[in-house]
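Novice: For reference, the structure I am asking about is given below.
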Amino acid sequence: MDAYDMTLVIALTPILNKVFLPAAISPFLASTITLLGYALTLLFRPIGSALFGHFGDRIGRRDTLLITLGGIGAASALTAALPTYAQVGLVAYGLFAMLRAILGIFAGGEYAAGHPFAMEQVTPRWRGLFSGWVQSGWPLGSGFAGLVVLAFEGWLGPAMYSVGWRYAFLTGLIPVVLGLAVRLAMNDTPLFQELKKAGKVEKAPFFALFKPPTLWNFLQVLIVTTAALINYYAIAMGMVNLIPAAAKASAEVTAVLLLITGWVGLPLDVLAGLISDFTGRRRLFIYTSIIFAVLSIPILYAFGVLGFIRGIVGYTYLGVSIMMLSNALLWGPIPAYLTERFPTSRRASGVGFGYSLGLVIPAFTSVYIYYLHKAFLPIEGSIPWFTVAIYFIISFVLFGIGAYLGPETKGVDLREIT
């Protein structure tokens, strides 16, 4: 659900720029400001992970997920009711940013309880495969968000600036209702039920994360998640929004690229998770990091220069597809990997906070790219392909280091983790 809502913001950025901000500022700067509202969602996720991760480890994964999903749905629906800049000036953007922050709290809790809820019910032999299925929910949500924006663009045209964007956010209620129905029909995980029955539920699981040896696991996980999120947001903000904005592309072009990243990413996440069941998580992470750190500049050259500057559209879509392959090889096994790094009594807190705290640095990706693009302007011109290539290289190097510092976790018994 959070993938769907957050991707709507990216897909609708060219429209939201004009809905919430004055027309006098440049499209590039407007996109940066709009995405700062998106960044607030990321920055407030650690708060939600700490809060709801605690509840996930105390009262259970399922009950916590009912609360977080309802909160995400409410924040998304309220976004559809916001006034515009023409009505209340910059207050409109302030309200938009506030709802983004509130949504971030619930989204952080959703991740904290959601991945342990799924992974604790899977056999160790195929945990990577199911990890890929779980992770594919993100590109699936992103793909649907792109599809929804394309559909409304085709149906409403110019009316997207008045009512269309509101309809798009209201569609977020559909996955909320479906998700609540599914979760209400399920029980909590066997591992948590065993923990509760044995009286081993911790009083303060979140604070227990900062006691060795769990602390060392947490810090290593934080390096991995920070790097993986730098990589993802380089695609989401750098490729899919800022490059089209610099090229004066429409929301429709942005939505098409998001649709591609979604549908390409879905099977690749599943495949990457499956591969990790044979190679191991650690080995796959390290090899992927080395290979794509070397290939980043050629890939971004094809995407930015051959695709956008020279107008060979096939290179644009090919570049996005290759980037999604590299991203999937990092992300497909992540739900399993994070689950395998923390004990059951602290798992929701560890998985959630380890992931969400990793969002803090990548949250300002739009700002980094904006200023790096200005510095590299003589090299890359109006399309920041070189900027994003450097950003990719940093993410792969950091991810490889983080994976190297951690153990192999494939096949571990989740009950025996201490």
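Glycine residues also receive a Cβ, built from the backbone N, Cα and C atoms like all the rest.
Remember, TrEMBL labels are computer predictions, not curated facts.
Pasting the feature list from TrEMBL:
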DOMAIN    1-410  domain 'Major facilitator superfamily (MFS) profile'
TRANSMEM  20-44  transmembrane segment
TRANSMEM  65-85  transmembrane segment
TRANSMEM  91-113  transmembrane segment
TRANSMEM  133-152  transmembrane segment
TRANSMEM  164-186  transmembrane segment
TRANSMEM  215-235  transmembrane segment
TRANSMEM  255-275  transmembrane segment
TRANSMEM  284-309  transmembrane segment
TRANSMEM  315-338  transmembrane segment
TRANSMEM  350-371  transmembrane segment
TRANSMEM  383-405  transmembrane segment
Novice: Using Cβ atoms and a strict cutoff of less than 8 Å, what residues sit near the transmembrane segment (350-371) while being 6 or more residues removed from its termini?
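Specialist: For the transmembrane segment (350-371), the nonlocal Cβ contacts are 28-29, 31-32, 35-36, 38-39, 42-43, 45-46, 48-50, 52-53, 56, 108-109, 111-113, 115-116, 206, 209, 214, 217-218, 221-222, 224-226, 228-230, 232-234, 236-238, 241-242, 338-339, 341-342, 384, 387-388, 391.
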Novice: Run the contact check on the transmembrane segment (383-405) against the transmembrane segment (20-44): 3 or more C-beta pairs under 8 Å, excluding pairs closer than 6 in sequence.
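Specialist: Result for the transmembrane segment (383-405) with the transmembrane segment (20-44) is no.
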Novice: Restricting to the same chain and to residues at least six past its boundaries, which positions have a Cβ under 8 Å from a Cβ of the transmembrane segment (215-235)?
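Specialist: Same-chain contacts beyond the ends: 209, 261, 285, 320, 323-324, 326-327, 330-331, 334, 337-338, 341-342, 350, 353-355, 357-363, 365, 369, 388, 391-392, 394-396, 398-399, 401-403, 405-406.
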Novice: Using Cβ atoms and a strict cutoff of less than 8 Å, what residues sit near the transmembrane segment (284-309) while being 6 or more residues removed from its termini?
Specialist: 224, 239, 243, 247, 272, 275-276, 315-320, 322-323, 326, 329-330, 333, 380-381, 383-386, 388-390, 392-393, 396-397, 399-400, 403-404
Novice: Residues sitting near the transmembrane segment (65-85): Cβ under 8 Å, six or more positions beyond its termini, same chain?
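Specialist: Distal contacts: 1-2, 5, 8, 18-22, 48, 52, 55-56, 91-93, 95-96, 99, 102-103, 105-107, 109-110, 113-114, 117, 165-170, 172-173, 176-177, 179-180, 183-184.
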